[in-house]
Amino acid sequence: MALHERWRKFNPFAQAGTSLQCTAGAGGSPWWVAGQGLAAWVCPAIRAGEGEGTGPGCQALPWRGTGQGQARMSAHGLTSGSVAKDVNIFFDELEGVNSPSKDDDSLLHHGNLTSTSDDASRLEVVGEEVPDKNKTNGLYFRDGKCRIDYILVYRKSNPQTEKREVFERNIRAEGLQMEKESSLTNSDIIFVKLHAPWEVLGKYAELMNVRMPFRRKIYYLHRRYKFMNRIEKQISRFRGWLPRKPMKLDKETLPDLEENDCYTAPFSQQRIHHFIIHNKDTFFNNATRSRIVHHILQRVKYEEGKNKIGLNRLLSNGSYEAAFPLHEGSYRSKNSIRTHGAENHRHLLYECWASWGVWYKYQPLDLVRRYFGEKIGLYFAWLGWYTGMLFPAAFIGLFVFLYGVTTLNHCQVSKEVCQATDIIMCPICDKYCPFMRLSDSCVYAKVTHLFDNGATVFFAVFMAVWATVFLEFWKRRRAVIAYDWDLIDWEEEEEEIRPQFEAKYSKKERMNPISGKPEPYQAFADKCSRLVVSASGIFFMICVVIAAVFGIVIYRVVTVSTFAAFKWALIRNNSQVATTGTAVCINFCIIMLLNVLYEKVALFLTNLEQPRTESEWENSFTLKMFLFQFVNLNSSTFYIAFFLGRFTGHPGAYLRLINRWRLEECHPSGCLIDLCMQMGIIMVLKQTWNNFMELGYPLIQNWWTRRKLRQEYGTQRKTSFPQWEKDYNLQPMNAYGLFDEYLEMILQFGFTTIFVAAFPLAPLLALLNNIIEIRLDAYKFVTQWRRPLASRAKDIGIWYGILEGIGILSVITNAFVIAVTSDFIPRLVYAYKYGPCAGQGEAGQKCMVGYVNASLSVFLVSDFENRSEPTSNGSEFSGSPLKYCRYRDYRDPPHSPVPYGYTLQFWHVLAARLAFIIVFEHLVFCIKHLISYLIPDLPKDLRDRMRREKYLIQEMMYEAELERLQKERKERKKNGKSYHNEWP
């Protein structure tokens with residue numbers, strides 16, 4: 001049969017008088033014929049009942065999505081199989097013979113819309129008015145009726161033309177409408193605009209189990225006692241006198257998000273009359289439409305073969321350069337949002353969420369979820385919850401710091417250090433470091449008291465409990481969000497196998513127990529060998545981190561002597577502080593450089609493991625990157641907290657690196673000041689750098705792009721760019737999605753909890769950073785990035801397990817910081833055992849008299865090693881050479897039977913430290929588990945609401961079905977038809 005005859009046969013508009021009839025299936029609506037991956041139009045004259053239409057005036061193409069069942073064409077007597085075969089042949093021949101290439105310049109006009117769907121423009125309904133705004137805002141097709149749901153971008157110079165042609169032909173066969181346009185700035189760039197008609201949206205929404213609103217919620221009040229009602233009335237009356245809550249958003253500016261006030265159910269075309277459909281254009285919001293289109297694109301073939309399918313593969317092989325949904329217009333407006341309202345949801349998000357002027361207000365999470373999807377909405381919900389929970393932690397940490405400030409003048413230890421002008425300390429390095437008075441470290445002793453005081457232990461216990469409460473209440477908050485966003489019963493679809501996994505193991509197959517289809521299979525021995533190699537790589541990179549820390553240790557050892565001999569008195573007198581400060585800055589630079597290396601190594605090791613699905617790949621990559629960056633960021637901190645000054649030996653018998661460099665000692669006031677400097681500098685620099693890279697880098701890139709466009713086309717021409725052109729010039733979202741956002745916050749959570757006993761101001765710094773971070777991330781998502789694809793998620797994924805692990809580690813590290821790094825235990829032992837109040841059960845400041853002298857040992861200067869002997873003899877202190885100097889340790893004097901041996905007080909302190917660690921850990925872990933047990937994961941009122949909603953949904957569905965059947969019965973009686981044994 002000739003091609004033109006076949007076309008006339010199947011096209012009712014090409015042959016007048018030909019009538020085609022479709023036989024409806026059991027559901028009462030017509031069926032469409034399905035071919036091998038291509039859907040053919042059979043009967044355009046019959047609409048799908050209440051599900052008809054593609055929006056006001058938006059004409060459907062003469063090909064529709066795949067349906068179920070079979071159709072018969074009574075006018076021609078053809079079966080569905082022959083129709084499908086002929087129509088598929090028609091598509092192949094029409095595309096291959098009669099139509100020019102999709103990349104041909106004859107189809108494209110610079111800056112003009114050119115539709116590849118000829119019927120879409122030819123079959124417009126005459127007399128239907130289209131707003132001019134729709135034609136100019138870049139969100140619709142040329143006709144101004146069909147909204148753009150997705151954008152594909154490719155270059156004409158790309159050689160993958162054939163794959164694109166097949167892919168686009170199959171896209172149209174699935175029912176999607178398409179238009180193309182060349183870029184205004186580069187004629188080589190082609191934009192492919194996609195629109196999903198109503199029939200396609202309805203069919204795939206049903207296949208994807210998209211939940212849609214069908215009945216407004218009925219709110220009910222709990223039964224309350226009269227006494228509680230009176231109390232609530234009094235509280236509400238008192239609140240009336242208080243000012244309006246400034247953190248709440250103005251409800252008048254926010255749109256009425258209908259899906260949050262309605263019961264929802266999986267969409268069904270057969271029960272379409274149950275759902276609330278005011279306008280078919282807006283029934284599926286833009287994020288849902290884009291998600292449905294993306295779902296279709298991921299399942300369309302571009303080449304013959306089992307694995308030649310999906311948009312992701314075309315993006316990876318370079319056939320398409322980019323793929324993204326459009327933003328809903330500009331985020332700025334000439335008119336005020338208060339007087340004229342929001343132009344679109346993007347404008348509303350900018351004014352109510354991403355603007356710096358609303359930094360103190362709550363986030364509009366429902367609007368964020370509607371615009372960006374549940375996965376991004378959950379991230380901002382978690383970030384907002386974490387920031388809110390930081391308020392009590394920051395307040396208590398600030399209280400501990402202020403307590404140290406107020407008690408500074410009453411601290412007996414710092415008083416003794418400041419008054420110890422007659423105590424001469426031994427040099428802290430070889431040769432060039434001089435003898436020094438203990439009173440010279442008065443400032444450092446006072447600063448140490450600000451962080452190491454009586455409230456430190458309480459704060460450490462509080463933070464360990466806080467971490468547990470934060471996680472437990474987040475589970476409750478997540479449950480409420482999951483209920484409000486219809487994620488309770490949502491389950492992830494069976495994931496597709498990664499193309500790399502398929503290519504590697506395509507020869508070995510086994511049956512999938514879920515789908516029942518054969519799929520590539522990785523042998524157990526191969527998987528184990530790859531995991532062993534990956535674990536070896538992780539171990540090697542951790543060794544690289546340790547080597548970097550070792551390099552920093554050598555730098556500190558060498559530099560302290562150099563600074564001690566420096567010409568400038570300021571540096572010479574503060575050589576240890578200068579050494580610590582410069583070492584921290586160098587360590588930060590090494591951390592940032594190694595992070596770049598770790599990302600490449602983690603990517604290589606993850607690909608080496610060959611994970612089966614994308615979620616497995618993401619979890620494996622996340623775990624490696626977190627492990628690398630956590631060790632990289634905290635290794636130096638662990639060294640300062642637990643190793644610095646612990647294994648140095650004593651004067652006359654110092655321990656040395658490679659028998660050359662003397663290990664660094666702590667300051668006479670202790671090592672806690674070094675730990676505070678390390679945490680403060682690293683935390684501030686890391687957060688500042690992250691904020692710059694998150695916002696500053698995209699801002700600079702987008703500014704440079706806009707600058708080039710202004711130079712080439714002028715300011716007026718740039719403002720007239722369509723929306724797809726503007727979005728294409730924005731930066732794409734990170735390749736790893738929300739990984740960088742979560743990683744930054746998780747590492748900050750580690751800093752806030754793990755060493756918080758040494759730096760109580762860490763929660764305050766984290767709080768200030770997060771207040772900025774929320775608005776910074778919001779500004780970035782709304783203004784600087786292309787709109788990411790809306791995707792669903794039930795929780796924050798593997799990050800929750802990592803947070804629990806950090807919470808457990810924080811208990812252990814804080815126990816060791818208090819017991820080993822701080823002087824809390826030595827002071828306690830002195831007060832109860834060796835001080836003036838020994839045996840009295842008291843431990844006040846009066847009991848600490850003489851503590852400084854008791855914590856210092858005596859050394860005979862003549863016992864110095866030759867390479868450790870200082871250049872000065874200390875005659876500047878007393879006019880004659882020094883005979884003795886003091887150092888921090890519990891050792892016997894030089895003239896005792898065992899010179900420089902450990903005293904009994906040393907063993908008492910060591911036993912007390914070990915006992916404290918055991919008691920502290922067991923006590924805090926018991927409290928943590930008790931809190932976890934007492935706090936249920938699901939709030940009781942939410943559990944009751946879920947049960948009642950389930951009951952009401954069943955009742956509503958039953959009533960709606962009963963009402964429909966009764967209407968049908970009445971209609972049958974009117975038509976004179978009667979049926980026996982009807983129900984009801």
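Sequential numbering from 1, following the chain as shown.
Just so you know, glycine gets a Cβ as well, placed from its N, Cα and C.
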With TrEMBL as the source, identify the stretch among 671-695, 796-820 annotated transmembrane segment. 796-820
TrEMBL annotation of coiled coil - which of the ranges 108-142, 948-982 it falls on: 948-982
Of 423-444, 577-598, the range TrEMBL labels transmembrane segment: 577-598
So, do the transmembrane segment (531-557) and the transmembrane segment (746-768) meet, by the test of 3 or more Cβ pairs under 8 Å (sequence gap 6 or more)? no
Counting only residues at least 6 beyond its ends, the same-chain positions whose CB falls under 8 A of a CB in the transmembrane segment (379-405) are 362-363, 365, 368, 449-456, 458-459, 462-463, 466, 469-470, 473-474, 477-478, 481, 738, 741-742, 745, 749, 752, 756, 760-764, 766-767, 770-771, 773-774, 777-778, 796
Out of 455-474, 626-647, 746-768, which stretch has the largest tally of CB pairs under 8 angstroms to the transmembrane segment (577-598)? 626-647
Which residues of the same chain, at least 6 past either end of the transmembrane segment (746-768), have a Cβ under 8 Å from a Cβ in it? 386-387, 390-391, 393-394, 396-398, 400-401, 451-452, 456-457, 459-460, 463-464, 466-467, 626, 629-630, 633-634, 637, 641, 672, 675-676, 679-680, 682-684, 686-687, 799, 802-803, 806-807, 809-810, 813-814, 817-818, 821-822
